[in-house]
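What follows is one structure encoded as structure tokens, with my remarks underneath.
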Amino acid sequence: MMDLRNTPAKSLDKFIEDYLLPDTCFRMQINHAIDIICGFLKERCFRGSSYPVCVSKVVKGGSSGKGTTLRGRSDADLVVFLSPLTTFQDQLNRRGEFIQEIRRQLEACQRERAFSVKFEVQAPRWGNPRALSFVLSSLQLGEGVEFDVLPAFDALGQLTGGYKPNPQIYVKLIEECTDLQKEGEFSTCFTELQRDFLKQRPTKLKSLIRLVKHWYQNCKKKLGKLPPQYALELLTVYAWERGSMKTHFNTAQGFRTVLELVINYQQLCIYWTKYYDFKNPIIEKYLRRQLTKPRPVILDPADPTGNLGGGDPKGWRQLAQEAEAWLNYPCFKNWDGSPVSSWILLAESNSADDETDDPRRYQKYGYIGTHEYPHFSHRPSTLQAASTPQAEEDWTCTIL
């Protein structure tokens with residue numbers, strides 16, 4: 001693979017296409033592996049349980065679910081929504097027993113040779129794991145596929161297009177998280193909303209997210225522990241929403257804008273109101289508290305208890321220093337050696353929520369309030385043509 005830092009700015013789209021986009025064969029392999037595990041969860045896993053267990057749905061999460069998988073990253077997150085889990089506390093208290101049962105059944109299938117595949121179950125790292133991790137391999141798969149299966153409480157039920165959760169779901173989440181002191185612990189319950197947050201985004205924005213993720217992973221190899229990758233994905237969405245909003249844009253400019261946001265991490269206060277807002281008094285009070293926390297504040301658009309920016313000032317400082325160094329590399333230089341410009345980010349919000357409360361009082365760098373995605377402009381940018389379109393998938397396995 002060509003070194004990203006030495007890739008000319010004008011060639012970043014080609015770099016993404018040549019090295020980061022998963023090819024059709026790779027996607028087919030991953031989907032085949034997912035079908036095997038989904039079938040197992042549906043038909044076999046809880047068939048002999050001592051009490052009824054209904055799997056209401058299995059949802060593909062993580063990068064695979066969002067459509068931002070990097071080439072060569074053979075992993076998949078499957079969130080299994082189970083009927084016995086009726087509260088967030090149930091999920092916390094009982095997920096271990098369901099993980100143990102899934103593991104037991106996988107190992108039984110392995111002994112019985114029920115599948116033409118091999119499961120290599122990973123030992124949990126702590127006593128109450130959030131996920132069962134294993135590797136699935138077969139002759140049909142070119143390489144092993146790493147799985148994380150996460151039991152979850154079905155807080156949302158069946159979703160429809162344009163779904164916005166009943167505020168009482170978030171009231172319940174806030175109250176239980178506060179009582180348990182487990183803020184951000186139940187983001188898996190909102191996997192579908194996290195996926196849908198990116199689902200309708202332009203293909204090229206997803207390519208920019210892939211580029212930022214590739215940069216982040218290079219930094220992580222060098223620096224070690226860093227803020228969560230999801231925070232960088234959200235920063236990329238924020239940069240595009242406030243600086244471009246076009247389906248075709250200059251990739252180097254977008255990339256530089258994201259790195260400048262990282263450099264200015266101590267000024268970041270970013271959140272969205274697509275799924276929750278300030279209209280309910282309990283949610284409003286909680287959001288006010290979240291938004292006055294030390295910067296950076298980057299709230300999960302699907303889960304107001306999840307602050308992706310908090311808890312790792314050292315990691316942000318290291319990442320910012322690395323970003324500053326990167327701005328001097330060829331990937332941010334024009335053909336004449338001048339630096340690529342970044343997007344000018346709009347600082348004002350047109351959110352209807354401003355009538356109820358003035359969230360901009362919390363703003364240092366930015367605020368996002370989105371209810372509906374706008375109609376994207378299809379006018380090509382004069383700066384740079386779009387890369388080859390990618391096939392996108394929306395994947396939910398609903399168990400009837």
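Here the Cβ of each residue, glycine as well, is placed from N, Cα and C on the backbone.
Here's what Swiss-Prot has on this protein:
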BINDING   Ser63, Arg210, Lys213, Gln229  ATP binding site
BINDING   Asp75, Asp77, Asp148  Mg(2+) binding site
SITE      Gln158  site 'Interaction with dsRNA'
LIPID     Cys397  S-geranylgeranyl cysteine
_Checking the contact step here: among the recorded positions Asp75, Asp148, Gln158, which have a Cα within 10 Å of the Cα of Ser63 (ATP binding site)?_
Asp75
*Roughly how many Å separate the Cα of Lys213 (ATP binding site) from that of Asp77 (Mg(2+) binding site), to the nearest whole number?*
17
*Neighbourhood of Arg210 (ATP binding site) by C-beta distance under 8 A, where only residues 6 or more apart in the same chain count*: Ile16, Leu20, Leu21, Thr68, Leu70
*Would you mind ranking the recorded positions Ser63, Gln158, Gln229 by how many other Cβ atoms sit within 10 Å of each Cβ and giving me the lowest?*
Gln158
*Please tell me which one of the binding-site residues listed here (Asp75, Asp77, Asp148, Gln229) sits closest to Gln158 (site 'Interaction with dsRNA'), measuring Cα to Cα?*
Asp77
*Using the residues the record lists for ATP (Ser63, Arg210, Lys213, Gln229), what whole-number Å value is the largest Cα to Cα distance?*
11
*Neighbourhood of Asp75 (Mg(2+) binding site) by C-beta distance under 8 A, where only residues 6 or more apart in the same chain count*: Gly62, Ser63, Ser64, Val145, Glu146, Phe147, Asp148
*Measure from the CA atom of Gln229 (ATP binding site) to the CA atom of Asp77 (Mg(2+) binding site) and give the result in Å, rounded to a whole number.*
15
